[in-house]
Amino acid sequence: MERLIDNSHGWPGRMVWLLAACLGSAAAFAQTGPAAQAAAAVQRVDGDFIRANAARTPDWPTIGVDYAETRYSRLDQINAANVKDLGLAWSYNLESTRGVEATPVVVDGIMYVSASWSVVHAIDTRTGNRIWTYDPQIDRSTGFKGCCDVVNRGVALWKGKVYVGAWDGRLIALDAATGKEVWHQNTFEGQKGSLTITGAPRVFKGKVIIGKRGAEYGVRGYITAYDAETGERKWRWFSVPGDPSKPFEDESMKRAARTWDPSGKWWEAGGGGTMWDSMTFDAELNTMYVGTGNGSPWSHKVRSPKGGDNLYLASIVALDPDTGKYKWHYQETPGDNWDYTSTQPMILADIKIAGKPRKVILHAPKNGFFFVLDRTNGKFISAKNFVPVNWASGYDKHGKPIGIAAARDGSKPQDAVPGPYGAHNWHPMSFNPQTGLVYLPAQNVPVNLMDDKKWEFNQAGPGKPQSGTGWNTAKFFNAEPPKSKPFGRLLAWDPVAQKAAWSVEHVSPWNGGTLTTAGNVVFQGTADGRLVAYHAATGEKLWEAPTGTGVVAAPSTYMVDGRQYVSVAVGWGGVYGLAARATERQGPGTVYTFVVAGKARMPEFVAQRTGQLLQGVKYDPAKVEAGTMLYVANCVFCHGVPGVDRGGNIPNLGYMDASYIENLPNFVFKGPAMVRGMPDFTGKLSGDDVESLKAFIQGTADAIRPKP
C-alpha cells in the first residue's frame with residue numbers, strides 16, 4: 001500500500017522555520033503514418049472552427065476548449081452513470097522528470113501536448129503512438145531563471161501550425177504534420193532581466209499572443225502579438241509604466257504612472273505585472289482579456305513608498321486584439337504587497353444575476369476572492385472570499401477592497417493568508433452551465449512574510465530568499481511558524497450566490513486543474529497521484545485511477561471514431577512540487593487516456609522512497625550559521641530544508657548519499673547536474689561558501705535525527 005507523505009506542516013512554513021539556445025540545434029523527430037491526417041486536421045483550425053466546435057465540442061482545439069476557456073465539454077457519452085467503467089486506452093511516456101502543466105489539445109484524433117523544457121509531442125490518439133517530437137534544445141543550466149519549475153502550459157493550433165512559447169523566450173511555429181520549425185521570434189529582444197515563458201500562446205484573429213513571466217526577477221510585464229502566418233510582430237502592450245523621464249508608449253501608461261511613487265524608482269526593478277497565463281477572447285465584443293501579475297519587487301512600500309494603486313498590477317485588462325489598444329481594466333488587488341497575481345485562469349460566461357442575463361468574467365485569483373465582472377465594461381458586480389483571508393475583510397459596492405491595515409505592516413513578521421502560492425494558482429478551473437457551478441482547485445500554503453528594509457536591486461545576500469539566483473522580492477520568508485494550516489480542496493462554487501455548493505478535501509495543496517462535462521461529471525487530478533471523477537451536482541466520488549505521480553495539469557476530452565476519451569498529462573512539479581510531494585510514486589511525465597471499457601495495462605509506477613538521513617559528512621560546526629544563510633539565498637526553493645522536506649522532482653539534500661555532499665563542489669561548479677537544470681555557481685559562491693553549505697546540510701540532518 002502506498003504511503004502518503006504528511007504535509008500537515010506546509011512546505012514553505014517548514015522551509016523558513018529552519019532557517020532556470022539556438023535555432024540550429026532544435027530537432028523534430030517525425031514518424032510516417034498519421035502525419036498527413038495531422039496536417040489536414042490542423043489546417044482547418046481557425047476562428048470559425050473554434051467557435052463552431054464550441055457548440056458541440058467533439059474536439060479540444062484550444063487549451064481551454066473554447067475562446068471563453070470554460071473547459072466545459074458538451075459530450076455526454078461518458079457520464080455520471082457509466083464513468084465507473086472507464087479504463088485505460090493507452091499511455092504515452094513524455095520522457096520528462098520535471099513538472100508537466102499542459103492541457104492536451106486534440107483535433108480529429110491528433111493530440112498536441114507540451115512537456116517540461118518546452119518539448120512538444122504529437123500523438124495519434126487512436127493508438128497512443130508518437131507522430132513526432134520537437135525539442136527546442138533549451139540550455140538546461142538556465143532552469144534557475146524561473147521561480148517555478150521548467151514547465152510549459154500548452155500549445156496553440158492555427159491553420160496547419162502548432163505554436164509553443166519556449167522557456168528561453170522564443171515563440172516557435174511548427175508544421176503540424178512534421179514538427180519542423182516554420183519560424184521563430186525572440187520575444188525577449190531588447191528586454192532586461194531573467195525572463196522565461198511558461199504559458200501557452202493564444203491565437204485570436206490570426207495573431208499569436210504570448211506573454212512572459214519573471215516578476216520575482218526584476219522585470220517589466222508585457223504581451224506581444226505576432227502574425228500567425230509570418231511571425232511578424234504586430235503589437236506589444238506593457239502592463240506597467242517605464243521610466244517616467246522618458247516618453248510613455250501610450251495613454252494607458254501615462255495614466256498608470258500617476259498611481260506609482262517615483263521616489264521608489266520602480267522602473268529600475270521593472271515594476272512587474274508579467275502576464276504569464278490567462279487570456280480569453282470575446283469575438284462579439286472584439287475584446288481580449290488578460291490577467292496581470294505581481295509587483296516587482298513584491299513589497300509595496302519599497303516599490304512605491306508613498307502608496308498608490310500601482311496600475312496595472314494584479315488586474316484584469318481588456319484590449320483590442322487587432323491593435324493591442326487598452327480598453328478598460330479592473331484591479332483586483334490595488335497596491336499588491338503579497339505576490340497576489342491576477343494571472344490565474346479566467347472564464348467568460350453568460351449567466352443570470354437578479355433575473356437579468358449578464359456577460360461576465362468569472363475569476364478566482366491568488367488573493368482568495370471570487371470575482372464576477374461585467375465583461376462589456378469591466379464594472380464590478382460582486383466578490384466573495386472562497387478561502388480564509390487576512391488582508392481584506394471584503395469589497396465595497398464600488399469594487400474596492402476593504403483592507404486590513406495590519407496586513408500591510410511589513411515591519412514585523414506577518415502571516416500572509418493566502419500566501420504567495422495563492423488561494424488559487426495557475427491550475428485551471430471550469431464552468432458547467434448545466435449546474436451553474438465553477439469547479440475550482442483551492443488551497444492554502446502557509447507563509448510568513450516581512451519587508452526587507454535593506455533590499456537593493458540585484459544585490460544577493462545571505463538569508464535573502466533565492467537572491468543568489470536572481471530573486472528581487474524585498475521580502476523575508478520568516479523563521480516564525482505561520483499560524484494558518486495548509487490545505488488543498490476542490491470547490492464547487494456558485495458565482496451567482498457567491499458560495500460553495502460542495503467541496504472535497506485533498507491530502508495536500510497543489511492539485512490539478514478541472515474539466516467538467518454535459519455528462520454531469522467533473523474530473524480532477526490530485527497531488528497524491530490520482531485522476532478522480534466526481535458528480536458535478538453533488539461532489540460524490542464516482543471513479544478514480546492511479547497516475548504514477550502527482551497531477552497538476554487539467555484533463556481534456558474529445559470524440560474519436562464515435563467514442564469519447566479523457567486524457568490527462570501528468571508530471572509532478574511547479575514551484576510547490578520542486579521540493580515537496582504528496583506521494584512516493586514519482587513516475588515520469590505521462591499522458592494517460594481513458595475510455596469506457598478500456599483494457600490497456602497501466603505502466604509500472606516508480607516508488608521514490610525516502611532514503612536514510614545523511615550522515616558521516618565531516619564539517620565545522622562554526623560554519624552552520626553561515627551555511628544556513630547561504631542555503632536560503634541559493635538553494636532552498638529547489639531542494640527544500642535538508643531532511644525536513646522529502647524532495648519533489650528535485651532531490652532533498654538531507655537524504656542524499658554522503659559521497660554527493662562530500663564532493664559538493666563537483667556539483668555546484670559546472671557539475672553534471674547542469675543538464676538537468678542545476679545552475680552553475682562559479683563566480684557566485686566560493687570554496688569556503690560550499691564548506692559552509694555542507695556544514696548546514698549535515699548539521700541540519702544531525703539536529704533532526706531521532707535520538708536512539
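The backbone N, Cα and C atoms fix where each Cβ goes, glycine too.
In Swiss-Prot this protein carries:
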type	residues	note
ACT_SITE	Asp339	active site, proton acceptor
BINDING	Glu101, Arg153, Thr198, Gly214, Ala215, Thr274, Lys366, Asn425, Trp426, Val575	pyrroloquinoline quinone binding site
BINDING	Glu216, Asn294, Asp339	Ca(2+) binding site
BINDING	Cys635, Cys638, His639, Met678	heme c binding site
DISULFID	Cys147-Cys148	disulfide bond
DOMAIN	619-708	domain 'Cytochrome c'
SIGNAL	1-31	signal peptide
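Mapped onto this structure are the features recorded in Swiss-Prot.
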| residue | record | CB count, 10 Å |
| --- | --- | --- |
| Cys147 | disulfide bond | 25 |
| Cys148 | disulfide bond | 23 |
| Ala215 | pyrroloquinoline quinone binding site | 35 |
| Asn294 | Ca(2+) binding site | 26 |
| Asp339 | active site, proton acceptor | 28 |
| Trp426 | pyrroloquinoline quinone binding site | 26 |
| Cys635 | heme c binding site | 24 |
| Cys638 | heme c binding site | 24 |
| His639 | heme c binding site | 22 |
| Met678 | heme c binding site | 19 |
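Ranking the recorded positions Cys148, Ala215, Glu216, Lys366, Trp426 by Cα distance from His639 (heme c binding site) puts Cys148 first.
Within the set of recorded positions Cys148, Ala215, Lys366, the entry lying nearest in space to Met678 (heme c binding site) is Cys148 (CA atoms). The shortest Cα-Cα distance between Cys147 (disulfide bond) and any of the binding-site residues Asn294, Lys366, Trp426, Cys635, Cys638 is the one to Cys638.
In sequence order, Asn634, Val636, Phe637, Ile650, Leu653 are the residues of the same chain, not among Cys635, Cys638, His639, Met678, whose CB sits within 8 A of the CB centroid for the heme c site. Counting every protein chain shown, 28 other Cβ atoms lie within 10 Å of the Cβ of Glu216 (Ca(2+) binding site). Cys638 (heme c binding site) has Cys148 as its nearest neighbour among the recorded positions Cys148, Ala215, Asn294, Asp339, going by CA to CA distance. Within 10 Å of the C-beta atom of Glu101 (pyrroloquinoline quinone binding site) sit 30 other C-beta atoms, taking all shown protein chains into account.
Distance between Cα atoms for Asn294 (Ca(2+) binding site) and Glu101 (pyrroloquinoline quinone binding site): 21 Å, as a whole number. When the domain 'Cytochrome c' (619-708) is classified with DSSP, helix, strand and coil residues number 53 helix, 2 strand, 35 coil. Within 8 A of the CB centroid of the Ca(2+) site residues Glu216, Asn294, Asp339, the other residues of that chain are Cys147, Ala215, Gly272, Gly293, Gly295, Ser296, Trp298, Thr341, Pro420, Thr473. The separation of the residue listed as 'active site, proton acceptor' from Thr198 (pyrroloquinoline quinone binding site), Cα to Cα, is 17 Å. Looking at Glu216 (Ca(2+) binding site) and Cys148 (disulfide bond), their Cα atoms lie 10 Å from each other. Distance noted between the C-alpha atoms of Cys635 (heme c binding site) and Cys148 (disulfide bond) is 13 Å. Same-chain residues at least 6 positions away in sequence with a Cβ under 8 Å from that of Lys366 (pyrroloquinoline quinone binding site) are, in sequence order, Trp338, Asp339, Tyr340, Thr341, Ser342, Gln344, Pro418, Pro420, Tyr421, Gly422, Ala423, His424, Asn425. Classification of Glu216 (Ca(2+) binding site) by DSSP places it within a helix. Each residue contributes its Cα atom, and for Ala215 (pyrroloquinoline quinone binding site) and Cys148 (disulfide bond) these two points are 12 Å apart.
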